[in-house]
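Quick look at what Swiss-Prot annotates:
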- 1-14: compositional bias 'Polar residues' (COMPBIAS)
- 1-40: region 'Disordered' (REGION)
- Ala2: N-acetylalanine (MOD_RES)
- Ser5: phosphoserine (MOD_RES)
- 15-28: compositional bias 'Low complexity' (COMPBIAS)
- 229-546: region 'Disordered' (REGION)
- 243-255: compositional bias 'Basic and acidic residues' (COMPBIAS)
- 256-284: compositional bias 'Basic residues' (COMPBIAS)
- Ser288: phosphoserine (MOD_RES)
- Ser290: phosphoserine (MOD_RES)
- 291-327: compositional bias 'Basic and acidic residues' (COMPBIAS)
- 292-321: coiled coil (COILED)
- Ser318: phosphoserine (MOD_RES)
- 328-344: compositional bias 'Basic residues' (COMPBIAS)
- 345-421: compositional bias 'Basic and acidic residues' (COMPBIAS)
- 422-450: compositional bias 'Basic residues' (COMPBIAS)
- Ser448: phosphoserine (MOD_RES)
- 451-468: compositional bias 'Basic and acidic residues' (COMPBIAS)
- Ser473: phosphoserine (MOD_RES)
- Ser475: phosphoserine (MOD_RES)
- 480-495: compositional bias 'Basic and acidic residues' (COMPBIAS)
- Ser481: phosphoserine (MOD_RES)
- 496-510: compositional bias 'Basic residues' (COMPBIAS)
- 511-546: compositional bias 'Basic and acidic residues' (COMPBIAS)
- Ser527: phosphoserine (MOD_RES)
- Ser529: phosphoserine (MOD_RES)
- Ser534: phosphoserine (MOD_RES)
Amino acid sequence: MANNSPALTGNSQPQHQAAAAAAQQQQQCGGGGATKPAVSGKQGNVLPLWGNEKTMNLNPMILTNILSSPYFKVQLYELKTYHEVVDEIYFKVTHVEPWEKGSRKTAGQTGMCGGVRGVGTGGIVSTAFCLLYKLFTLKLTRKQVMGLITHTDSPYIRALGFMYIRYTQPPTDLWDWFESFLDDEEDLDVKAGGGCVMTIGEMLRSFLTKLEWFSTLFPRIPVPVQKNIDQQIKTRPRKIKKDGKEGAEEIDRHVERRRSRSPRRSLSPRRSPRRSRSRSHHREGHGSSSFDRELEREKERQRLEREAKEREKERRRSRSIDRGLERRRSRSRERHRSRSRSRDRKGDRRDRDREREKENERGRRRDRDYDKERGNEREKERERSRERSKEQRSRGEVEEKKHKEDKDDRRHRDDKRDSKKEKKHSRSRSRERKHRSRSRSRNAGKRSRSRSKEKSSKHKNESKEKSNKRSRSGSQGRTDSVEKSKKREHSPSKEKSRKRSRSKERSHKRDHSDSKDQSDKHDRRRSQSIEQESQEKQHKNKDETV
């Protein structure tokens, strides 16, 4: 954002000359201060930025803490102009460290864990860096930056101006900006909480030669540019302070200027109307008299502030004493109360323990009774199950007996039926066999009769023939005797074969007929005996005939 003040806008040569004249006049009136480098009109009033145009080349941790800070989001958001931001710096800034005191716990940590390069855990970002980023959001012009670094009211305004240059300007231009201020002897305390006082010149030499600034880093300077800066700093050693009256006078002047520039001006956060704003056109019309008047007013105001601070200190001391007594009394009361409470707690604990023991005993009794009841119920259930099993067994046995009896009855009935059937079959078979045996015996008698008749007839015929043939030769008788012997040999073999066939038939019949009576056997034997007798008779008859 551009500055809204009409006095600081414009790029004409007369305005530059007027600003330079006003700066020289203020330096003459206020004592030895910083010398302003010449600003040529050819450079223009627009100040280009170097590096990242959104982050101002700040450490990401610091930038995120700035953007999330309520101070930056609420209070600094209301400041719209360059002069309002300068007044805020005058009243609020007391150091130029990036973090407030005690907000970052880095004790005992080293390296990257210690947050030396800004990568550790964040803390409360300082007011100075919030205002520095607010200046960056305003997009300052060259004239406004020169007004910051040559400001006479507060060294912290100048320090933030130099820091703005270090973060936003090219490394090749840093020497041109800082060269005329390297011997500036104005003091300021740069550390949060105090304890690190240095001059503006020492701070600028640190900006040019070191990258680290407390727990953050400046933008890196290229190696050739850094070597050039180091050589030029060697040619510009630090000046020794003057001795004698001139040194004393200069020290007195610096003391007066430090008092007038001290940031702890007033308890109110608003800007004092008596304080000069900056080296601008407001001081062109006034002279040394107006500046002296402002100095007198400032001294008076500082004296009143000191008195008010001393009163406040006295009040604080008295309050601290009263608070100490009150604390002691309250501590004694608290001790008494704590003792009584501890006693009450002990009594309550005892009562609670007793009640717990009683409850536990009751619970144990309940558990015992419950276990007993459950045991009795289990025994009853077991007895019931045993009785049921016995009943089931008895029922099963009865059913098995009935089933067996039924089976036996059925088998007996079946056996009776089978026996009756077998008897019927045996009777029918015996009848058939008897009938067959009778028919066979009849046939055998008939055959035997016919055979006997035939034999008798043959015997008669043979006897006749024998008688007729006896007269024949004895040779024929021999042949006949041989033939008869052969016949006799053949006849028993035939009988044996017949017997074998009959025995086979009998065995076959026995296999097929399992239940035959003895009557059948007797019949067979009789028939066989009859047949044998008939055969024997035939053989005898043959022998007799022979």
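The backbone N, Cα and C atoms fix where each Cβ goes, and this holds for glycine too.
The average per-residue pLDDT of the prediction over the coiled coil (292-321) is 80, rounded to a whole number.
Counting only same-chain residues 6+ beyond the ends of the compositional bias 'Basic and acidic residues' (451-468), those with a CB under 8 A from a CB of the stretch are 534, 538, 541, 544-545. Here the CA atom of Ser534 (phosphoserine) lies 10 Å from the CA atom of Ser527 (phosphoserine). In terms of Cα distance, the modified residues that sit within 10 Å of Ser448 (phosphoserine) are Ser534, chosen from Ser318, Ser529, Ser534.
Broken down by DSSP into helix, strand and coil, the compositional bias 'Basic residues' (422-450) contains 29 helix, 0 strand, 0 coil.
Residues within less than 8 Å, Cβ to Cβ, of Ser534 (phosphoserine) and separated from it by at least 6 positions along the same chain comprise Ala444, Arg447, Ser448, Arg451. Ranking the modified residues Ser318, Ser448, Ser529 by how many Cβ atoms sit within 10 Å of each one's Cβ puts Ser448 at the top. Of the recorded residues, Ser529 (phosphoserine) and Ser318 (phosphoserine) place their C-alpha atoms 167 Å from one another.
Across the compositional bias 'Basic and acidic residues' (345-421), DSSP classifies residues as 77 helix, 0 strand, 0 coil.
Note: the compositional bias 'Basic residues' (328-344) comprises 17 helix, 0 strand, 0 coil (DSSP; helix = H, G, I, strand = E, B).
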